[in-house]
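Asks: Dumping the structure here so I can ask a few things about it.
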């Protein structure tokens with residue numbers, strides 16, 4: 001172990017890593033100097049709604065395939081086996097529902113920020129609450145996703161910690177500020193290819209050194225790492241088919257259905273059909289990514305077996321140790337994997353910058369500055385992207401002093417995602433929900449999320465357990481950057497937890513489902529108590545008629561009482577979609593008139 005820690009990058013490794021940074025910067029400069037040169041907010045924030053299906057889908061994939069996920073999934077498979085692979089089952093509904101429910105609503109309203117929807121459906125207060133919650137969620141997370149892989153890299157290879165943080169942070173800020181969403185999407189495409197190449201290189205070389213994939217599979221079976229279908233319904237069990245396949249659906253909906261970073265990509269598509277197709281293309285890509293992570297974990301187990309030197313030396317990162325060990329005689333390949341690792345970080349952070357600039361501009365500035373010119377709005381949007389880049393570096397510095405609190409910061413990302421999903425579902429599926437119900441429901445969901453999250457964290461601190469060291473205190477995979485590993489493992493208890501303790505031991509994959517359901521239930525109860533909304537008061541196009549479709553057998557008078565008669569506006573023709581956007585709602589008309 002000692003010689004691996006002392007191992008440093010060779011010249012080819014540095015060259016390959018530098019090429020990643022140079023290529024990403026060049027893409028940003030290209031879009032800053034070509035086309036419309038990012039002179040309008042539509043071009044800077046939404047790529048002029050001109051993107052085709054393939055780049056959008058690869059960008060959707062890259063946005064939440066962060067460096068922490070690349071490190072976390074193989075570590076999970078190595079330690080616990082392939083049960084985690086069943087998360088792939090949740091991808092089906094997790095991408096099908098956004099494609100046929102959320103995208104049609106958002107796209108036909110011609111939104112820029114997902115939180116515009118909340119004002120259309122409820123009121124301005126709900127919109128601002130949703131926006132502030134999202135900003136809090138992403139700002140907390142940005143520094144961690146940049147700092148954590150740099151820390152692991154420094155511990156294993158001696159690679160300069162703050163050199164890596166500053167290089168990645170500044171390059172990311174540069175191309176996001178100069179090139180706008182087009183640069184972010186096309187760098188995501190490039191970075192996705194690098195991620196695939198890095199993971200494939202590790203699997204191919206590692207499997208060859210282990211004696212081939214047949215030998216890898218044999219050792220995995222003998223080591224009990226190939227998991228069978230676990231149908232245990234206990235929600236406190238960390239990973240079962242139900243937690244992964246059902247609880248994972250809500251986690252995926254929080255990411256691919258209502259998160260601004262993803263919604264912005266749907267809205268940048270040329271047509272609604274291409275936006276929907278991008279979801280379908282992401283599905284097989286997600287399965288490939290999951291399989292690559294699982295294979296890396298199995299190859300790692302085939303090399304080390306049960307007695308990994310990592311367990312003895314408490315190495316900060318298992319996967320990077322493995323990569324440096326496998327590639328020790330192959331100059332350039334460690335650099336390729338590190339480029340893969342930081343491609344994941346770059347894609348996540350750049351998406352955060354761009355989406356944060358968008359919601360700040362559209363939700364917090366434009367409504368209060370109606371006379372702002374387009375040129376000034378575009379310049380301010382670029383300034384916001386640059387400012388959030390500096391905030392990211394500041395958060396990375398803060399993360400360096402957090403120590404074990406890093407996992408709590410990561411958990412906050414997961415805690416907030418569920419309540420936001422519940423808020424959008426409340427508005428989109430329940431026509432009688434009113435603004436008071438939405439506000440109280442969101443607050444209740446956030447309180448519940450932090451109560452369970454903090455209670456879980458505190459109860460773990462009070463119960464001494466032996467946890468396997470994996471990555472920077474992260475002992476479970478972060479497939480969607482939603483929560484931490486160590487803080488979300490269920491402690492091994494001799495007796496089954498009951499009462500509040502059982503709630504604290506809820507599997508992290510049920511967090512989104514539990515918290516979003518809290519928002520919906522509380523929101524509906526408060527709405528009924530304070531006077532449900534009438535259908536005539538709803539903004540057209542803001543409610544998806546799922547109840548109308550499900551309750552088709554009821555007489556129309558009863559369906560009208562439940563506000564489930566009005567259908568979603570019909571999809572426009574392709575020619576109309578590619579023409580100048582024609583907003584279909586009160587707020588959009590107001591914004592258009594203001595712009596004129």
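Including glycine, each Cβ sits where the backbone N, Cα and C put it.
Sharing the features that TrEMBL gives for it:
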type	residues	note
TRANSMEM	14-33	transmembrane segment
TRANSMEM	53-73	transmembrane segment
TRANSMEM	85-107	transmembrane segment
TRANSMEM	161-181	transmembrane segment
TRANSMEM	193-211	transmembrane segment
TRANSMEM	239-258	transmembrane segment
TRANSMEM	279-302	transmembrane segment
TRANSMEM	336-359	transmembrane segment
TRANSMEM	379-399	transmembrane segment
TRANSMEM	405-430	transmembrane segment
TRANSMEM	437-458	transmembrane segment
TRANSMEM	508-529	transmembrane segment
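Describe the structural surroundings of these features, if you would.
Replies: Nonlocal intrachain contacts for the transmembrane segment (53-73), taken as residues 6+ away from its ends with a CB within less than 8 angstroms of a stretch CB, comprise 84, 145, 148-149, 152, 184-186, 188-189, 191-192, 195, 199, 255-256, 261-262, 265-266, 268-269, 274-275, 277-279, 281-282, 285-286, 289-290, 293-294, 296-297, 317-320, 340-345, 347-348, 351, 410, 470-471, 474, 476-481, 485.
Within the same chain, residues 77, 114, 117, 227, 229, 239, 241, 244-249, 251-253, 255-258, 262-263, 266-267, 269, 272, 275-276, 279-280, 282-283, 286-287, 290-291, 294, 424, 428, 479, 541-542, 544, 546, 568, 571 sit at least 6 positions outside the transmembrane segment (85-107) and bring their C-beta atoms closer than 8 Å to a C-beta of that stretch.
Same-chain neighbours of the transmembrane segment (161-181): 21, 24-25, 27-32, 38, 43-47, 146-147, 150-151, 153-154, 187, 264, 268, 342, 345-346, 349-350, 353-354, 382, 385-386, 389-390, 392-393, 396, counting only residues six or more beyond its ends whose CB sits under 8 Å from a CB of the stretch.
Within the same chain, residues 20, 62, 65, 70, 219, 288-289, 292-293, 295-296, 299-300, 302-303, 322-323, 326-327, 330, 333, 336-341, 343-344 sit at least 6 positions outside the transmembrane segment (193-211) and bring their C-beta atoms closer than 8 Å to a C-beta of that stretch.
Beyond its flanks by at least six residues, the transmembrane segment (336-359) meets 9, 13, 16-17, 19-20, 24, 45, 59, 62-71, 112-115, 131, 134-135, 138-139, 141-142, 145-146, 149, 153, 157, 159, 164, 168-169, 171-173, 175-177, 180-181, 184, 187-188, 190-192, 194-195, 197-199, 201-202, 259-261, 264, 320, 323, 327, 381-382, 384-385, 388-389, 392, 481 of its own chain at Cβ-Cβ distances under 8 Å.
Same-chain residues lying 6 or more positions outside the transmembrane segment (379-399) and placing a CB less than 8 Å from one of its CB atoms are 38, 41, 44-45, 139-140, 142-144, 146-148, 150, 165-166, 169-170, 172-173, 176-178, 180, 349, 352-354, 356-358, 360-361, 365, 372, 406, 409.
Long-range neighbours of the transmembrane segment (508-529) within the same chain, counting only residues 6 or more positions beyond its ends whose Cβ lies under 8 Å from a Cβ of the stretch, are 235, 238-239, 243-244, 246-251, 253-254, 414-415, 417-419, 421-423, 425-426, 430, 432-434, 436-438, 440-442, 444-446, 448-449, 452-453, 476, 482-483, 488.
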Asks: If we skip the immediate neighbours and take only residues 6+ beyond the ends of the transmembrane segment (239-258), which ones have a Cβ under 8 Å from one of its Cβ atoms?
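Replies: Tertiary neighbours of the transmembrane segment (239-258) are 60, 64, 80, 83-84, 86-87, 89-91, 93-95, 97-98, 101-102, 114, 229-233, 279, 282, 414, 417-418, 420-421, 424, 480, 482, 507, 509-513, 516.
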Asks: Counting only residues 6+ away from its ends, which parts of the chain sit with a Cβ under 8 Å from the transmembrane segment (279-302)?
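Replies: For the transmembrane segment (279-302), the sequence-distant neighbours (Cβ-Cβ under 8 Å, at least 6 residues beyond its ends) are 53-54, 57-58, 60-61, 65, 69-70, 73-78, 82, 84-85, 87-88, 91-92, 95-96, 98-99, 103, 195-196, 199-200, 202-203, 206-207, 210-211, 215-217, 219-220, 223, 225, 256, 318-319, 322, 477, 479.
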